[in-house]
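Here the structure is laid out as structure tokens; the discussion comes afterwards.
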Ligand code: IDP
């Protein structure tokens, strides 16, 4: 069982896409472990996007992700990192296939609705950045995934 960090970006929150995105992950059979609507500061955003710090669009990316509330989530499921990346679709709208979240809703690569971790290591780092170590385990401890499936 894997865990990943999924975030509805400010454009997605603004366009009312939180429910649609949660619906798709629930329908796929994944379990929501934690979620919070939050506005992040520049240091959290810079840490989140640290692998892009040398890119020319880094400043713009940090401006955008701190421009309004994001909906940060932790999801769990089998092979969720790879599967969620397929559900999200490619970064650029000219490459994101219809049926994917970006393929259906995004129209530019600067503002593309949703973020999903691309590896186990980034998932761990991103979950800790947004939820911290303690909070990360809170919901799962209260209500394990195995129990939820039989509800
Ligand atoms: P990903 O979100 O599909 O994993 P990454 O390559 O990790 O894509 O890029 C992170 C984010 O940076 C993208 O989701 C997009 O919002 C933004 N981004 C990527 N390329 C550009 C660009 O050329 N200009 C502006 N923003 C970009």
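A Cβ is built for glycine as well, from the same backbone N, Cα and C atoms used for every other residue.
According to TrEMBL, the active site, pros-phosphohistidine intermediate annotation covers 115. Annotation source TrEMBL lists ATP binding site at 9, 57, 85, 91, 102, 112. What TrEMBL records for 1-138 is domain 'Nucleoside diphosphate kinase-like'. The phosphothreonine annotation in TrEMBL covers 91. According to TrEMBL, the phosphoserine annotation covers 122.
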Review point. Under a threshold of 6 Å between Cβ and any atom of ligand 1, which of the binding-site residues 9, 57, 102 are retained?
Key: 57
Revision key, fill the gap. In this structure, the one of the recorded positions 91, 112, 122 whose CB has the fewest other CB atoms within 10 Å is 91
Point to revise | Longest CA-CA distance among 9, 57, 85, 91, 102, 112, per record bound to ATP, angstrom | key: 22
Revision key, fill the gap. Sequence-ordered list of residues in the chain of the residue listed as 'active site, pros-phosphohistidine intermediate' that lie 6 or more positions away and have a Cβ within less than 8 Å of its Cβ, or none, is 5, 6, 7, 9
Check your understanding: Tell me, by DSSP, whether residue 115 (active site, pros-phosphohistidine intermediate) is helix, strand or coil?
Key -> strand
Review point. At the level of the C-alpha atoms, what whole-angstrom distance separates residue 112 (ATP binding site) and residue 122 (phosphoserine)?
Key: 19
Study note, to complete from the structure: Candidates 57, 85, 91, 102 (binding-site residues); nearest Cα to the residue listed as 'phosphoserine' turns out to be 85
